[in-house]
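These features come from TrEMBL:
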ACT_SITE  HIS68  active site, proton acceptor
BINDING   ASP69, GLY74, ASP76, SER78, GLU90  Ca(2+) 1 binding site
BINDING   HIS194  heme b binding site
BINDING   THR195, ASP246, ASP254  Ca(2+) 2 binding site
DISULFID  CYS37-CYS117  disulfide bond
DISULFID  CYS70-CYS75  disulfide bond
DISULFID  CYS123-CYS323  disulfide bond
DISULFID  CYS201-CYS233  disulfide bond
DOMAIN    27-327  domain 'Plant heme peroxidase family profile'
SIGNAL    1-26  signal peptide
SITE      ARG64  site 'Transition state stabilizer'
Amino acid sequence: MSSKRVLEVLLCVIVVVACSSVKSEAHLQVGFYDSRCADAESIVKQEVAKAFNDDKGFAAALLRMHFHDCFIRGCDGSVLIDSTSDNVAEKDSPANNPSLRGFDIIDNAKTRLESLCAGVVSCADVLAFAARDSIVITGGIGYKVPAGRGDGSISLASDTANLAPPTFNLEQLTAVFAAKGFTQEEMIILSGSHTIGRSHCTAFSNRLYNFSLTTPQDPSLDPAYAATLKQLCPPGNDPDLVVPMDPSSPATLDAGGYYGAILKSRGLFTSDQTLNSTVDSANIVKQNNACPQQWKNKFAAAMVKMGKLDVITGAARDVRLNCRVVN
């Protein structure tokens, strides 16, 4: 082994040890349902596994759903609420529809939980458990989920304007995450979730055909990869066409597949490739690629942190009996 590689391995080990301990905040509690509904987490895990066996893409869908829930009004399950005649909910905004899916998985778990422990397990916690289980089932690091979240009663499509679109550059992404208390490094770590799942062609077709007035194709995109994408996504913006986010391993949460692609100018979204646009951000990308185990540990820590965003706890905690409907 070369001296350079030895140094990389030692650095990875040092950072893994530093990041391996994840503490939960007092208002959320690991094992919250142990005495309230002991089978809560296992039931959610079973439903995630069942769905994954039918369609491996559901793991990425549930992970993305948790992210889109937490970044809008906090982790309160509001993304699960259906629209009504007088309100367009989050799930029906352009940012979420038709790209978000897997709501039936949450419904199935919730139905089982209500029959076993009526009014006990919140939809927000079901979604947090499902995201963790999706990470584990695709090869990521398992982590304990601090629970006790309450469910929200407000879901507005207009709020999703605060979500970062795939066209954002590094500065814009950093600002969006900083507003939620995340560092640029944590943003880049969480972006690694794009190593699993799929994307609609419409989310990146501008990079292939309409990048600028003078340059139809994004010059930062590897030409060979662009040619492949053009075959899969011909002009016309067919909303039903999808491609894997990480063609090398679309159902495996691995650092090399995502960060390695970025280093080869094969990041699918502008928001992916932009992570390699400055010296500091590129160094983080290289570090994640070189130290996959370190990245998995950091990713788990960042997921726990994200799951604490603006949670409803204590006396204000409410549990929706149906995740799609406000009580």
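Using the three backbone atoms N, Cα and C, a Cβ is placed for every residue, glycine included.
When the CA atoms are compared, no recorded positions among the candidates CYS117, HIS194, CYS201, CYS233, ASP246 lie within 10 A of ASP76 (Ca(2+) 1 binding site). Proximity to GLU90 (Ca(2+) 1 binding site), defined by a C-alpha to C-alpha distance within 10 angstroms, is shown by none of the recorded positions CYS75, CYS201, CYS233, ASP254. Looking only at Cα atoms, CYS70 (disulfide bond) sits nearest to CYS323 among the disulfide-bonded residues CYS37, CYS201, CYS323. Considering other CB atoms within 10 Å as the measure, the emptiest surroundings among the binding-site residues ASP69, ASP76, GLU90, ASP246, ASP254 are those of ASP254. Annotation for THR195 (Ca(2+) 2 binding site): same-chain Cβ neighbours under 8 Å, separated by at least 6 residues, are MET245, ASP246, SER249, THR252, LEU253, ASP254, ALA255, GLY257, TYR258. For ARG64 (site 'Transition state stabilizer'), the nearest neighbour among the disulfide-bonded residues CYS37, CYS75, CYS123, CYS323, judged by Cα separation, is CYS75. Around the Cβ of CYS117 (disulfide bond), a 10 Å sphere holds 17 further Cβ atoms from the protein chains shown.
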